[in-house]
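Have a look at the structure that comes next, please.
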Amino acid sequence: MAAALLLLRALRQSPEPGPWRLWAQLSGRSPGLFSGAGGRRPYVVRGTPIGLAAAGGHTPQSLLLRILTPSFEGVSGLLLKRHIVPSAIRLWQLSGSTLYFNTSGLKQKNKDDDKPKGKAPEDDEEERRRKEREDQMYRERLRTLFIIAIVMSLLNSLSTSGGSISWADFVNEMLAKGEVQRVQVVPESDVVEVYLHPGAVVFGRPRLALMYRMQVANIDKFEEKLRAAEDELNIESKDRIPVSYKRTGFFGNALYALGMTAVGLAILWYVFRLAGMTGREGGFSAFNQLKMARFTIVDGKTGKGVSFQDVAGMHEAKLEVREFVDYLKSPERFLQLGAKVPKGALLLGPPGCGKTLLAKAVATEAQVPFLAMAGPEFVEVIGGLGAARVRSLFKEARARAPCIVYIDEIDAVGKKRSTSMSGFSNTEEEQTLNQLLVEMDGMGTADHVIVLASTNRADVLDNALMRPGRLDRHVFIDLPTLQERREIFEQHLKGLKLTQPSSFYSQRLAELTPGFSGADIANICNEAALHAAREGHTSVHTFNFEYAVERVIAGTAKKSKILSKEEQRVVAFHESGHALVGWLLEHTEAVMKVSIAPRTNAALGFSQMLPRDQYLFTKEQLFERMCMALGGRAAEAISFSRVTSGAQDDLRKVTRIAYSMVKQFGMAPSIGPVSFPEAQEGLVGIGRRPFSQGLQQMMDHEARLLVARAYRHTEKVLLDNLDKLQALANALLEKEVINYEDIEALIGPPPHGPKKMIAPQKWIDAEKEKQASGEEEAPAP
């Protein structure tokens, strides 16, 4: 604090503005002393200004120099050593110092030469403003250096303390070796301060720290304990350690705490003052960068990027967003009819369906600026940044209007605001959401700024965000249909080198992948190409796609996991039970492949089915799906008279289907045609249920009856076909993998007619037929 007061006093006495005058006054020299004599060329001053000052004397300036010189030199050396500042010249520039100094005569000559000749008044005003900005920058840099010097001085004073020691270390390492100079007792804190001789050797090394603190249990008997230790060490009376008592008192401690608090508050005030200078020249840009929205600008006029032709499928969604593109291209066509284009659109749908890809296509097709930003980038740990970034984003959008603002994963900032009854509240997120609502449809809303947002959690969005006037156009992007999957495969297969035309694979792959998203389809095509490259093929073949589909569905085969003979038999009968029940029942899907090879997704085996693109299910179809899922557990119980934990996933699926039939689909006669929302995982017990406890017990009872009836039916089917179950299990134990043709050869065709299937083996046969016509021969899978 004394150093700070002295520095301020010297600053007030400085005759001219600028930091170098201050350093010159503190050192007792004038700027002319550092220049060449007469008209000689000035030279660059090496070293710090404080380091050039005289160290002697007892003036306030010399005292301040002795305090601040080590700190300044330490900070300068650290910045240069760590390469934080590239050179000493740059360090002088940052600290506001002057590199070149002239004599007074040369300085006056330069002023005369630099006088403007025939300048306009506005040029003089601009020159005056430039000098004011430079002076402001100098003052801010000097204040920054002043704070660094004070902090380093405090740290330097604290560095003389060597920390805490124990009584044993004090006696054995210090007292016994004669390194203790004096001892000071602080009774109020039960602390003893031990001062050592300069150059003392402690723990085998010379120590720079000369003061150590020691906690004492009974401070009143410390001196008695010290004298007893000296007696044991045979220390003579003249060499005994002097003991003094330090009583600070209440006012001393209070003044010390008040002083440290004042220093901390002053530093905080200065930091926030710098933050308030953002936006003006001379201010620190770091605070301004925090408040700026980190968005990505896509210029659609360049023609580079994703177009609607590159987005396969999503026909209805593209029609919805094309209206925004048409409005931005030719708004007069809409305005002359009095139409108002929606302010924004919300893209909804499961993950991986192409919401972000569609937004990129809009950016290219609209040929207007496209400002994209992710929802999580708004909210930070510092309060108020989210709202500031929203304002910054829309300010930039208005300046570039007409334009499109795209917010990805808007659920990060658009969650429903908490009510007074709930204790889960996030003020920062709510403030960000409120600012977003105002910018989208508030008093200062500007036209020609369209907002697009995407999320896969529309249920958590605030109602005010979804109302007409904001995100009033809701575009739902569902999982692709069979035709859309074929188009997506065609799009991704264009970049692959194939043995057959892309149309040969696209239809079959689309039928193999019901329920797959666009991201899953892209992953399959990429995995097929990677597998072909690993195998050393020059093009992608059918079995590469077969491997890719199997890898995405069940994972890769884990050859390092070796099962015992008994476990292999259990897995074989388990998977055979699934396959046999699915083969014999009427409303089940075709079994494409059965494998007992362990997989990386923790599955010991799997049965690959070919589900249909179906949107309506009857009670009989759902019941037989439950029977097929229970086929593995029933086969284990029949074959081994015991069950294992391998059916855990099957039981989970059966339970979900049973409760859906009872609670949502109204398929339980005793419950009636009612439907209740599905309970969300992780929220059990939170909120009120829309049914009574008695009705809950009735639904539980109906679900148990439904599962029990499905299990009995599954057991009956397997008991009536034990020979077929045994044949399938033996084939699996022998080959590990069997397909549709193998099952048909073992147990005959399905009793309810052939099931629809797409066997990859037929693709290979088609390739072989083409090879016979003279084309390149495909390697064996």
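Each residue, glycine too, has its Cβ placed from N, Cα and C.
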Write down the one residue from A312, A388, A397 that Swiss-Prot lists together with G352, C353, G354, K355, T356, L357 as binding ATP.
A312
May I ask you to find which of D520, D613, D649, D650 Swiss-Prot records for the Zn(2+) site already listed with H574, H578?
D650
Which number gives the other C-beta atoms within 10 angstroms of the C-beta of Y505 (3'-nitrotyrosine), all protein chains shown included?
25
Across all the protein chains here, work out how many other Cβ atoms are within 10 Å of the Cβ of H578 (Zn(2+) binding site).
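If we count other Cβ atoms within 10 Å of H578 (Zn(2+) binding site), we arrive at 27.
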Do me a favour and check the Cα-Cα span between H574 (Zn(2+) binding site) and Y505 (3'-nitrotyrosine); whole Å is fine.
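Each residue's Cα considered, H574 (Zn(2+) binding site) and Y505 (3'-nitrotyrosine) end up 33 Å apart.
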Which residues in the same chain, at least 6 apart in sequence, have a Cβ under 8 Å from the Cβ of D650 (Zn(2+) binding site)?
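Listed in sequence order: A629, L630, G632, R633.
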Mean pLDDT over the topological domain 'Mitochondrial matrix' (270-781): what is the value?
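That region's mean pLDDT is 81.
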List the residues in the vicinity of the Zn(2+) site, defined as same-chain residues other than H574, H578, D650 with C-beta within 8 angstroms of the site's C-beta centre.
E575, G577, S607, A629, L630, G631, G632, R633, A635, G646, A647
How many Å separate the Cα atoms of H578 (Zn(2+) binding site) and Y505 (3'-nitrotyrosine)?
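Spelling it out, the Cα of H578 (Zn(2+) binding site) and the Cα of Y505 (3'-nitrotyrosine) are 29 Å apart.
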